[in-house]
Amino acid sequence: MADKLTDDQITEYRESFRLFDKNGDGSITKKELGTMMRSIGEKPTKADLQDLMNEADLDGDGTIDFPEFLCVMAKNQGHDQAPRHTKKTMADKLTDDQITEYRESFRLFDKNGDGSITKKELRTVMFSLGKNRTKADLQDMMNEVDLDGDGTIDFPEFLYLMAKNQGHDQAPRHTKKTMVDYQLTDDQILEFREAFRVFDKNGDGYITVNELRTTMRSLGETQTKAELQDMINEADADGDGTISFSEFVCVMTGKMIDTQSKKETYRVVNQGQGQVQRHTRNDRAGGTNWERDIAVGVASNIIASPISDFMKDRFKDLFEALLS
């Protein structure tokens, strides 16, 4: 059966197979099979993939090896729809720089480092790259590549989506720069995450008007709902009524200054005195108000304007300065 394939076809299939054989054991799962076939221009449905697996997976272990895959591909030659992208596969559409950028952004939001992201994380990754998508768009993207229905996609699947959707993106509303363009260090990202968590009370990855109000009140500030909504709107690039982590970072990095230090200290304006306190992460175990310090300290560190420009160390002034 394999003699029906040309040497070039076998080479292409072998390269794709190796790419998606994650653990290098010489076999792939149904989900990996679907991703691999799309990478070489095929468009199998879930039913098609199940039929292929049933046909090739002779021992019923849920995987197929390369010889089995070659037999399936040879047998099904001439029965597939013409690939949408002619001679080039999806991966060929991306430059090395694009792949590097996508890999960095993917890694940034792969929170547990398992090589996959959820739909919610996909939304954040897309925005960090300056690509705005509706919830319906994101669901369609997930449905297309999440063949096993586990609610996650891996990096090769993500690359496929990026290649397929090139040229269909709107410019980000905030700024021409995206989150990845700022080339933040791991320490800077950690600082942003800690500050973001102060606002994101329920930990769902978004700051709502109510969560913003709660945090502001804890800092001694009271605003009307309209004022709080204005603050949300300034940062809400995709118009969903909330601030995601990437939106939060994009706003704040717009006025970022270099504040890295070997001790990873946080500058905190001492209330009513205008003096600078320094708190390291070791203070977390002490008696300091860590949440307030990290919120104000991180913001203080990344504001381009001098601290003396602020009338108070209240976070209201700080936050409004960020959004101005």
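Placed from the backbone N, Cα and C atoms, the Cβ positions cover glycine too.
Swiss-Prot lists 8-43 with the feature domain 'EF-hand 1'.
In the shown protein chains, 18 other C-beta atoms lie within 10 A of the C-beta of ASP21 (Ca(2+) 1 binding site). As annotated by Swiss-Prot, Ca(2+) 1 binding site applies to ASP21, ASN23, ASP25, SER27, GLU32.
Residues or ranges marked as domain 'EF-hand 2' in Swiss-Prot: 44-79.
Residues or ranges marked as domain 'EF-hand 3' by Swiss-Prot on the basis of sequence analysis: 97-132.
Taken as a whole, the domain 'EF-hand 4' (133-168) shows an average pLDDT of 76 in this prediction. The domain 'EF-hand 4' feature in Swiss-Prot is assigned to 133-168.
Annotation for ASP146 (Ca(2+) 4 binding site): same-chain Cβ neighbours under 8 Å, separated by at least 6 residues, are LYS31, THR152, ILE153, GLU157. Per Swiss-Prot, the feature Ca(2+) 4 binding site maps to ASP146, ASP148, ASP150, THR152, GLU157.
Sequence annotations record features per position, and here Swiss-Prot assigns domain 'EF-hand 5' to 187-222.
The Cβ of ASP204 (Ca(2+) 5 binding site) has 11 neighbouring Cβ atoms from other residues within 10 Å, across all protein chains displayed. If you look up Swiss-Prot, you'll see ASP200, ASN202, ASP204, TYR206, GLU211 marked as Ca(2+) 5 binding site, on the strength of sequence analysis.
What Swiss-Prot lists as domain 'EF-hand 6' is 223-258.
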Long-range CB partners for the domain 'EF-hand 4' (133-168) (under 8 A, at least six residues beyond its ends), listed in sequence order, are 19-20, 22, 29-31, 34-36, 38-39, 46, 49, 90-91, 93-94, 98-99, 102-103, 106, 115-119, 122-123, 125-126, 238, 240
Helix, strand, coil: count each for the residues of the domain 'EF-hand 5' (187-222), based on DSSP. 23 helix, 2 strand, 11 coil
Inter-residue Cα distance where the pair is TYR206 (Ca(2+) 5 binding site) and SER27 (Ca(2+) 1 binding site), in Å: 39
Taking DSSP H, G, I as helix and E, B as strand, the domain 'EF-hand 1' (8-43) contains 23 helix, 3 strand, 10 coil
